[in-house]
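*Asks:* I'd like to ask some things about the structure below.
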């Protein structure tokens, strides 16, 4: 298959990253996306290895710790024709990268962010990540965690993400469908993927999740899609309320979707009508060693007396 690679994979046996990788690969293939136009971006952590496991011509970009969203934003705005998928751990995206995570929601760039959510920093021996609940003590910690946890779903919705979902790494078929929906969505999409870390997190295990997870689309009255502006507040409230459900039952599926909000690309075009026809990736910036882009007139135009 076009997305798969024979590259040897050194994740721990049973790691949820295998399911996430598999779901991403299947989603890309089933959507029939031109693989030359797919870019997979990651930060640092166990999830950071994901770009290495996609076959060329899919492009992979392994970036700095916490900066995957920033890199991906630049890639997408330079060439809006690309399908850009960000992968990052809960520590990478919600710890050092939290500022970029929130700022991205205000822009609504048309790309997908996949959050690998296992409650620990798996690459550095299992320290508590921003999504580990206060008071929990996985085997990697000498004492219970004293910090409160971030709620990725609520944070994404309140920041402005227009597609917000939660998946489960061991339900690859369901996760694949969420990723396909996120790619097709026009705007910024987050998928918070619950994934067991069999090496360091002995609380949120496969057995623990299997007894609790249920799908939102099995609820008869669940409809996360905003169809008119008057519905926004109601849909947001329901989504955030449902995101707080954690314990005996944990919902997965689409929490919120709103395509009435213009993407960042559309907002740029409103100011620069030629943007989508003449994107930065198509522009010649130098010829025979000399710059062809002269910004002096642009700066002059924006001078303030």
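Cβ from N, Cα, C; glycine included.
Quick caveat, the model's predicted, so the values are computed rather than measured.
Quick paste of what Swiss-Prot says about this protein:
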BINDING   12, 15, 46, 197  [4Fe-4S] cluster binding site
BINDING   44, 45, 46, 47, 65, 91, 92, 122, 123  thiamine diphosphate binding site
BINDING   90, 118, 120  Mg(2+) binding site
SITE      125  site 'Plays an important role in the binding of CoA'
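Help me see these features in their spatial surroundings.
*Replies:* Secondary structure at residue 12 ([4Fe-4S] cluster binding site), taken from DSSP and collapsed to helix, strand or coil, is coil. Within 10 Å of the C-beta of residue 12 ([4Fe-4S] cluster binding site) there are 14 other C-beta atoms, taking all protein chains into account.
Listed in sequence order, 43, 44, 45, 47, 48, 65, 66, 68 are the same-chain residues six or more apart from residue 92 (thiamine diphosphate binding site) with CB atoms under 8 A from its CB. According to DSSP, residue 92 (thiamine diphosphate binding site) is assigned to a helical segment.
Reduced to three states, the DSSP call for residue 120 (Mg(2+) binding site) is strand. Same-chain residues at least 6 positions away in sequence with a Cβ under 8 Å from that of residue 120 (Mg(2+) binding site) are, in sequence order, 126, 127, 128, 129, 132, 138, 140, 197, 200, 201.
Annotation for residue 125 (site 'Plays an important role in the binding of CoA'): same-chain Cβ neighbours under 8 Å, separated by at least 6 residues, are 140, 200.
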*Asks:* Show me the subset of 15, 46, 90 whose Cα is within 10 Å of residue 123 (thiamine diphosphate binding site); these are the binding-site residues I mean.
*Replies:* 46
*Asks:* Here are the binding-site residues: 44, 46, 123, 197. Which has the lowest count of other Cβ atoms within 10 Å?
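*Replies:* Comparing Cβ neighbour counts within 10 Å for the binding-site residues 44, 46, 123, 197 gives 123.
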*Asks:* Looking only at C-alpha atoms, tell me how far residue 90 (Mg(2+) binding site) is from residue 46 ([4Fe-4S] cluster binding site), rounded to the nearest Å.
*Replies:* 11
*Asks:* If you skip the near sequence neighbours and keep only those at least six away, which residues in the chain come within under 8 angstroms of residue 118 (Mg(2+) binding site), Cβ to Cβ?
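*Replies:* 16, 89, 90, 129, 131, 194, 195, 196, 197, 201, 204 - these are the non-local Cβ neighbours of residue 118 (Mg(2+) binding site), listed in sequence order.
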*Asks:* State the three-class DSSP label for residue 46 ([4Fe-4S] cluster binding site), counting H, G and I as helix, E and B as strand, and everything else as coil.
*Replies:* helix
*Asks:* What three-state secondary structure does DSSP assign to residue 125 (site 'Plays an important role in the binding of CoA')?
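*Replies:* DSSP call for residue 125 (site 'Plays an important role in the binding of CoA'): coil, neither helix nor strand.
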*Asks:* Restricting to the chain of residue 15 ([4Fe-4S] cluster binding site) and a gap of 6 or more, list residues whose Cβ falls under 8 Å of its Cβ, or answer none.
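*Replies:* Once residues fewer than 6 apart are set aside, residue 15 ([4Fe-4S] cluster binding site) is near 46, 122, 195, 196, 197, 198, 199.
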